[in-house]
Amino acid sequence: MPKYTESQQAVIDQTGNNLLVSASAGSGKTTVLIQRIMRKIEAGINIDQLLVVTFTNLAAKHMKQKLEAELNKRITKLMKADTASDQVRRLRQQINLLGVANISTLDAFCLRLIQRYYYVIDLDPVFRLLTDNTEGLLIREQVWNDVREQLYGDENQGPVFAALTSNFSNDRNDDGLSSVVMRLFDFAQSTPDPDDWLDHLADAYQLSSDQIAASDYYQQSLLPLLRTDLSNAISSTKAAIKIAENNELLPKNIEALTQLNQDLNILHNQLGSLDWNTLRDTIDSFKFPRLKKKYPDDIQTAAAQQMGANVDAAKDSVRGINTQYLVTDEGTMLDVMAGSAAMVNALVTAVKQFKAAFAAEKRRRHVLDFGDLEHLALEILTTDSESGRGALQQMRAQFDEVMVDEYQDINSLQEKILQLLSRETPGNMFMVGDVKQSIYQFRLADPLLFLHKYQDYGDNPAHGDRIVLAENFRSVENVDNLTNLIFSQLMDAPVGQIDYDEAAHLKYGPKDYPATMPQTTSVLLYQTGEKKKANQGPAEPLSPEEEANFSIDDPAEGSIMMVAQKILALKAMDRPIYDRGTGEFRPFKYSDVALLVPTRNHNLTIIDIFKRLQIPIVVNDAQNYFQTTEIRIMMALLSVIDNPYQDIPIVTVLRSPIVGLDENQLVYLRIQNKTSDYFQAVRDFHDNYPAKLDHNDYGDAVFAKIDRFLDQLTEFRELARRNQLVTLIWRIYERTGFLDYVGGMPAGKQRQANLNALYERAHMYEQGSFRGLFQFVRFIQKMQDKDQDLAEAVAETETEAVSVMTIHGSKGLEFPVVFVMDMSKNFNEMDTRTSALMDREAGIGITYLDPKQRVKYPTLPQMITKQVVGKKFRAEEMRKLYVAITRAEQQLYLVGTIDTIENASAKWQKNLSYPNLVLSAQARTTAKSDLDWLGMTLIRHPDMQAYWGDEQPAFSLAADTTHVQVELGDADTIGKPDTSMTDSETQPSAVEIVEQAVSPDTLDEGVQEKIQAILNFKYPDANLTVTTAYQSVSEVKRVFEDPDTPLMQSNSTVTAKAAEPVSRYVSDHLAVPQFLQTAQTPSGAEIGSATHLILEQLPLTAPITTEVVTTTIASQVERRVLTADVAEKIDVDSVVGFYASELGTQILAAPTKVHREVPFSLLLPVNELSGNPDDEDHKVLIHGIMDGYLETDAGLILFDYKTDHVEEPSDLLEKYAGQIKLYATALKSIYPGQTVTQYLYSLPQQAMVPVTN
């Protein structure tokens, strides 16, 4: 039996109370969770009596697999001992129960709950889950457009909504407001009660006093922020005093700083009593001393500069009170708050209207999205009815324990559901996670839920038990030490939401790593030298030799080259990786390496460099689908098909392998017409070139490609006009050979998978009732405008390859060698700079546009929310860095770019003077990148002594045993793979490449004949494959309309169009189902169907009058068989007129002999339809409904009434003769020997048209 640590064993054994497990990186969390489940099974609890909630579907799958493996392991052990057959039987039962066990994401559990208890909330159980984000976005956009138009058009709300739009949008469009509405809607949906949360958003704008400083909001929310700023200023001043005293700087400097410290403390103590305007004036007039910063002694000069830097930091903190918070006088701010309160109320109204309309549209479509699942589940569990209370009791009774993995990543809505499913006393909730790894704030995860319980269970053990798993069994000791070194200086509750105290430190857990193995932790820095060059004055022209060597001009490219070279060096080493399974060192494999990127911006550069260095690579979870070359080309082509008069898309397509023109040929086309758009120039060339006398090979080659392209474009545009988007995309692949072409490119399987995914996504787009190429292209463009992208399609990839993934994608994984990339990338703080900031506790903070002055003002809630959101943002950035570093098992490389090491170290040296372990809050909050944090934490370490300059650290880390090294590179020391490509020759098109791929001249004649026989083989009954064996009359009636067009063509005449797997006569445009219709005016087909219904329902036992017809129509409307708008369009007079005709009189005279709306089926030999004698052995089953027939002594009278508007009644024959002939054939088979007289009756014309054979 494996030996567990004391804390691990405690987690496995604990019972009788709630349990929160804080599991650090690599602490064996999953193993412990599996063993706890096994302990429950040993105690007699079945696995389906546990609710195990995971964060992803993949995690749930892996957990089931591990549980099954553990169960089989124990069964094997028991069977070897040949004992305990009852135990074996029970364990096998648990394996059988795994398939129905509640081990899943919370979304999946909620879906099962809804499917089981839908009746509690009167939900239609027939619904479809929107699993593809594309359809959900399209529905959102459609609903919001409708809501927006309603708000604009509303007499009362219109002006308010126009002002709201102006507040958040620009002069060009109202996308700004749309973005705010969607974000606010999503944010509200993450709360247990969205409407309640929305309803309280305006509270912060309604001050409790006409004096801002006296209001509750100021005292409770803004004043603490002001105190923090002054506290930071005081701390910086104290640090400056200490530097001055320790380095014996001028006494007058020390005196001035001491006085500054006293003044700051006085202001700090007075903050709560000063009104708004007085405080503004005080801050404006606050004086800072001038200090001497140059001394004869270099050490004193360096100290004076550090002293001055601290004073500057104090000055920034004080001045920031006015620049960040007290930005206007009190009167203006009161006006701003009043105006912005109205804006927030209008915004809430818009969001709630969208919310209601969106829900209604989803109900109409019978769909749910993932956001609905949790809200509907919560509604079921909280419904105060007999069925609702019963559902809650059944759920609570079913689960012996509720187990939550990755608890740090849930939100308040999910927490509410879990609390309802668990018991209060004794608690039966097991929660495991690591708040230091909570990195899903963009999914609205709330790590404070974990932190509050962690604090509560520590202070109140009766509420729950708390166990910490601190041992890291994943990494070598130096990685643990580096992690602790960095985060003990960075992470505390005020800045990072978490105190990285002794309990949070990683403890080295593995016992199997050799003590002598290398433990590399390196900082790889690529120097651009930009600032150094700037100081050297104007650059001189490079010599040809220098220009040839100077190949790296992109900093990111330089750092990627350093990484690639490091990987190649590892590959060349002799057995550098320790295999913990065998206990021996082994050769390096590319799959040992992971590159963790903060964003996907440089993924294409990584792929390019690694491919050229022949380093196999796979990019995981790449949300850059629309950025891939093949998809960009296809989207350009679709744009051209929609509208060819667009210069950029048309040039993209012409330059692509689909057409294959080079730059010179593009210029050659442009000079044919220099003034019009590019497509017109192409057309002019194509129209005029054949008539020219001075043809040449160059022009002929261009013309051939343009001619082929224009032919294809005409075909594609015709398909697009028919709204056959899916057919269009596949036809492009077939006609251009583009799908085959990309298969021969690097990463060909992935590229083909991407193109196939485009086809599938177009199919899903059309499945969602959206139609048309224009709308599809426009939708994709809007996604790109909003920086939204999709994941690349999954394709078979090399397993022996370097992995590239985002930090989010790496969570839960581990690799022998990890490169944390692009650490110098500036933090993306856009979420703190928007016109509407949102937070679950702080609410919403907006900027306000004064409608008269057209000046934008920040509001108090905006200032406060910005600080709250900014703090949470930086805390999550710290946690992301923690996740990235702790993925490494044996070797860790931290990668970034700098201008020069001299400038970078000078920046980091400012932190040497800080006297405490945890660095100053101001330094940490003003950092711009991970590299800034890394530099300020490492600079104080003894291994970085070379970068201290003339100063010593005020806080010593001499006892720290971490080993870290810095490796530098620049353009002079790093080469670059050859990226040159020649365009000297015309690039062949995709079609030409595919056609020329194999030359038949190289094959043996016998082989050629066999190949030709295979390729030319024709299925004998190919004509039967283009229709179905079950046909409606509508589908085959055209055979009778045009005898020259047989239903089934002979083998030799089956065209590509006919070979499509649909019926030969099925219409391209099927009728839109009623629930999808949006048109307000009934169509002609709807009116015709309604008229037929009335003719069927009319009583024939009395004369047919206008009153009888209108009464019949009214009864059908009352029964909801007809809608009122359709009923109004029925021509009552034409119906009455039919029964006044000769045929109508006959029908009324013998009502018992009349048969109306008669269904039939008819089996016909195919050769009677196709005219091909070879088809006599095959049959087609035809089905239909006759309008009616009348039995008379002279035979049968078949009639079919038509509502078509035609110039002459006889025109109906051309359209419907074939149809009624089929009816007659069916009647003759039912009544052998009877004659059948056939009539078409035109209701609008009141005329009967005989049909002859």
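The first residue you see is number 1, and the count goes up from there.
Cβ coordinates are placed from backbone N, Cα and C, and glycine is handled just like the others.
So that you can see what the record holds, here are the features copied from TrEMBL:
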type	residues	note
BINDING	A23, S24, A25, G26, S27, G28, K29, T30	ATP binding site
DOMAIN	2-476	domain 'UvrD-like helicase ATP-binding'
DOMAIN	514-812	domain 'UvrD-like helicase C-terminal'
Residues flanking the ATP site, with Cβ no more than 8 Å from the Cβ centroid of A23, S24, A25, G26, S27, G28, K29, T30 and excluding those residues themselves: D434, L469, N472, F473, R474
Other CB atoms, at most 10 A from the CB of S27 (ATP binding site): 27
Among S24, T30, the one of these binding-site residues whose Cβ has the fewest neighbouring Cβ atoms within 10 Å: T30
C-beta crowding around G28 (ATP binding site), within 10 angstroms: 23
For K29 (ATP binding site): DSSP state (helix, strand, coil): helix
Residues that sit under 8 angstroms from K29 (ATP binding site) by C-beta distance, when 6+ apart in the chain: V21, A23, D405, V432, D434, L469
Those binding-site residues listed as A25, G26, and which of them has the most Cβ atoms within 10 Å of its own Cβ: A25
Assigned conformation of A23 (ATP binding site) - DSSP reduced to three states: strand
All-chain count of other Cβ atoms within 10 Å of A23 (ATP binding site): 27
Averaged pLDDT score, the domain 'UvrD-like helicase ATP-binding' (2-476): 92
